[in-house]
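Straight from Swiss-Prot, the features:
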BINDING   74, 75, 76, 110, 111  substrate binding site
ACT_SITE  125  active site
């Protein structure tokens, strides 16, 4: 049977990490947002009415990484050493990659995942008017594949 460290007697609780040593940690998370070709072109050309989409998404992701413990209840507040946010355009999508680094008592994967999620949501928010069809729906727009692609500890 799987043991969950965040549950004790059926109650949610924050795990006690106070006795753990500080260790260098890094996490890399990625995810994609699928968009219409015209929307991708507008982002590339810098012609989106709301402004620079990727610059805004980069700032939003960084802020989200720093605020992760405020929105995920059992996530510890950790000293972040670095956050990098990059975007790659593929065939019909933009991929966000967030790298988080810390020297602390617990991992930084939740921060990286939160950063990717908010980056992609910010992109959606900035281009939603271009993505809607005549019925106000989003037939192409899709966020998927949010995952941790790498986690390092002690290097």
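Cβ atoms here come from the backbone N, Cα and C positions, even for glycine.
Given the structure is predicted, the values throughout are model-derived calculations rather than measurements.
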Residues close to substrate site centre defined by 74, 75, 76, 110, 111, Cβ within 8 Å = 68, 69, 72, 78, 106
The most crowded of the binding-site residues 74, 75, 76, 111, judged by neighbouring Cβ atoms within 10 Å of its own Cβ, is 111
How big is the gap, in Å, between the Cα of residue 75 (substrate binding site) and that of residue 125 (active site), rounded to a whole number?
-> 26
Sorry to bug you, but what's the C-alpha spacing from residue 125 (active site) to residue 110 (substrate binding site), rounded to the closest Å?
-> 22
Taking only the binding-site residues 74, 76, 111, which one has a CA atom nearest to the CA atom of residue 125 (active site)?
-> 111
Pick out which of the recorded positions 110, 125 has the most other Cβ atoms within 10 Å of its own Cβ.
-> 110
In Å, how long is the longest CA to CA span across 74, 75, 76, 110, 111, which the record gives as the substrate binders?
-> 12
